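Student: What TrEMBL records for 23-288 is domain 'NADH:quinone oxidoreductase/Mrp antiporter transmembrane'. What TrEMBL lists as domain 'NADH dehydrogenase subunit 2 C-terminal' is 290-344. For 6-28, 59-80, 92-113, 152-171, 178-196, 202-219, 239-257, 277-294, 326-346, the entry in TrEMBL reads transmembrane segment.
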C-alpha cells in the first residue's frame, strides 16, 4: 500500500475515535464511528486475497448495521425526550437498542459471531488494530451511558461473553481465532463491572490493549498463524518463545503477571456489590479461557526435542522487523502488577 494512503487511513482512524471521544451530541458520535469503519475497511482489504475481501465485507455489514441501530436509537430518544445529548439517554427502549448496537460493534456475545471469522481473514497488524483501537470509541460511548442502561442487560452480556469467549476458544487451531475469542472474553469482564466502577473498566481496557498488542506482535515476529507453526518457534527464537508463554499466561490472568490485576479488582468489586454468584461464574469462566492459553504454552514450550511434531521446520531467516514495540508491550504485559496501588489511587 502507498505510504501516503496508509497515513491518510491511519489519520482517519485517529480522527474518527477522537471525534467520538470529544462529542456530546449523538450525530457527532455516530459520525466518528462511521469514519472509523470507513478508514479501516481499505486496510482490511489491502491484500486482495478472497478471504481478506470476505472478512472486510462481513465487517462492513455488521458495523453498518450497528451504526444504523445507533442512529435509530438516538433518533427515537430525541423524538421521545427532545434531547440529542449523549448523557440524556432516558428512554428505556432507546437505551436497550443503543447498548445492543454497541455490543454488536465491539463483538459481545451473543452478537459476537462476526468477530472470529473477520479476524481470521486479516493479517496480524490489521487484526491488532481491529482488536485494540477499534474498541476505544464504542467503549467511550458505553461508559458515558452505562448508568442509563438496564443493569440486567449489562450483566447478561458480560457473563455470556466470558463464557462464550472461554468455550469458543477451546477447540481452535488458528491463533487469530483464539485471540478473537480471548477478546470476546475480555470484553465481558469490562462490561460486567461498568455499572459499578467505570474506572475498573478503563483499567481492564488498558491492560487488555497492552496484552493483546504483545500477543499479536509476537505472532507477527515469528510469522505464526497456527498452533502447529507455533510449535517450531523454540528452535529459532528461544527467548521470544519463553516470553510468549508468559504473555499468554498474562492474558489468562495468572499472578504475578499484569493480566491478574484487572480480574482481581473486578472480582473484588463484584463481591463488594454483594454479587458472589456472578463473581464465581466469572472466575470459573476465566479458568476455561486459561485452558486454551495453557494449550498454546504446551504447544510452544513442551513439544521440544525429543518429542516429535508433525509440521515442517521453517527456515531460520534473519528478520528485518522492528522489535522495540514488541519489547515494550511484553515488559508491560509481564511486570505491571506491583504498581496496582498507584493505578488504583490515580483512578479513584
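For all residues, glycine too, the Cβ spot is worked out from N, Cα and C.
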Student: Across the domain 'NADH dehydrogenase subunit 2 C-terminal' (290-344), what does the mean pLDDT come to, as a whole number?
Tutor: 82
Student: Which range out of 6-28, 92-113, 152-171, 202-219, 277-294 gives the transmembrane segment (326-346) the most CB pairs under 8 Å?
Tutor: 202-219
Student: If I count Cβ-Cβ pairs under 8 A between the transmembrane segment (178-196) and each of 59-80, 152-171, 202-219, 277-294, which range comes out on top?
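Tutor: Ranked by Cβ pairs under 8 Å, first place goes to 152-171.
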Student: Give the nonlocal contacts of the transmembrane segment (59-80) in its own chain as ranges (CB under 8 Å, at least six residues past its ends).
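Tutor: Counting only partners 6 or more residues beyond its ends, the transmembrane segment (59-80) has Cβ contacts under 8 Å with 26-27, 29-30, 33-34, 37, 40-41, 44, 88-91, 93-95, 97-98, 100-102, 104-105, 114, 118, 130.
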Student: What same-chain residues lie close to the transmembrane segment (152-171): Cβ under 8 Å, and 6 or more beyond its ends?
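Tutor: Contacts with the transmembrane segment (152-171): 96, 99, 103, 108-110, 112, 116, 146, 177-178, 181-195, 278, 281-282, 285-289, 291-292.
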